[in-house]
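Trainee: Not my notes, these are from Swiss-Prot:
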REPEAT    25-54  repeat 'ANK 1'
REPEAT    68-97  repeat 'ANK 2'
REPEAT    99-127  repeat 'ANK 3'
REPEAT    181-206  repeat 'ANK 4'
REPEAT    207-236  repeat 'ANK 5'
REPEAT    237-266  repeat 'ANK 6'
REPEAT    268-295  repeat 'ANK 7'
REPEAT    296-324  repeat 'ANK 8'
REPEAT    325-354  repeat 'ANK 9'
REPEAT    355-384  repeat 'ANK 10'
Amino acid sequence: MDSDNSSNLIDQEIYSVYNEYEGIDIHYGLELSCIKGHIDVFKHCISRGALVSGYERMLYSDWINSPDYVDLLSLAAYNGHFDIVKHLIKSGFDPKYNDYSALNCACERNYLEIVKYLVNYEAVRYLMSAGLKFRLNVTNIPITKISELLAVEQDFIATNSSIDSVKNLLYTSTKNYFSNVIDASLVYAARGGSMDILMYLLELGASHNFAIICASIHGQLDVVKYLLQKGQEYTTKIEYCIIMAAQYGQVNVVKYLIESGNELDHNLDYCLKVTMYYGHTDTVKYLCNRYGERCYTSDCLIMAIEQGHSEIAKFLIVDGGIQLDNDNYIKTAVQRGHINVLKLLVSLGMDFTINKNLPIRIALRECHFQIVEYLIGKGVDIRSNNGYIIRWSLHGNSKNKVSRIIKYVTDNYADMLNVIKF
């Protein structure tokens, strides 16, 4: 089946939905056309009375290539349907709706044509609201004619406004409200790695300290490099970008920023711990290999154990040479129910019978029955000392956990019920 026939079938399927019903179904067809880009379907829905202004709803997970909560203009912008974007605005949809969501979607998805159109459109509207004159590079137009041009000539703004004209409009001696919107849009472009849009917005004069942080978080290394090379004076320290990149596991960004001369000074410990907390093994290894023994501490190992990151724990012990001389390591693993970490510690020689079999007592008390079975399999006798392990786990415990422990004992060690006082 060729693509044209396929598109026609899709159109016919959408038509069948809203031709049979009234009301919400034409809006459903309108929504589909914004997602799929079917301009004929869109126009037909409008002619049938579908409303575009203020229409939004939650989209569920079965919708592909759409944000979670959107309006129609954002849907069209997110999916790159320029014709739909223009028709929505012509039909009365306000680009400012939902805090310029459509502009931000287009920035993040790298649809430069849509971004330029929305920016230029808002530049004109700003001048209209200010009662000023709009001067294009190609001609001078009285302000009274602008609204007519917007309604009649769809492509006029997009095709005739140059960067210089828009820049002069937006960035006067006192920055206006829309210049702040452009600054915010730069963040979305940085997050999406949209280099063309990033350069366009920067050429307009956009500036936002959060853009480089956002690019670092999302691993947009090219954006990070470009912003640094632009030489902007960021009020936020690059060290914070390193920490955020490390927190999200963007090891390439971390490596680039550090090796560009931005060493972690006073925040190494925090950066390392937050990276371990989220379990980014490659980033942890890079930081440890670069900063050496400063990273191989008991606190770092406890952090890895608490979060159940057995691979990081193994790296710190085996490669970092951390000694297993702290009973808190095995107690923490059992307390948190991390059986893989417990197995690692036992395999490396830690004693699982410390303090009168405290690990299995903790495991039973916390209802980590998989760990209980593992330790029994390693030789711990749950019946020893007249059921002391079971009695200890029941004493002072919550009603919910007591009932679960009793059920476990009943199902697996019914002979112990006679010697346990509940």
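Placement of Cβ uses the backbone N, Cα and C atoms for every residue, glycine included.
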Trainee: Could you pull out which residues elsewhere in the chain have a CB under 8 Å from any CB of the repeat 'ANK 7' (268-295), counting only those six or more residues past its ends?
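Mentor: 242-243, 246-251, 254-255, 258, 303-304, 307, 309, 311-312, 315-316, 319-320.
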Trainee: Summarise the model confidence on the repeat 'ANK 7' (268-295) as a single mean pLDDT, whole number.
Mentor: 95
Trainee: Please report, as numbers and ranges, the same-chain residues at least 6 past the borders of the repeat 'ANK 8' (296-324) whose CB is under 8 Å from any CB of it.
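Mentor: Beyond its ends, the repeat 'ANK 8' (296-324) has Cβ neighbours at 272-273, 276-279, 281, 284-285, 288, 332-333, 336, 338, 340-341, 343-345, 348-350.
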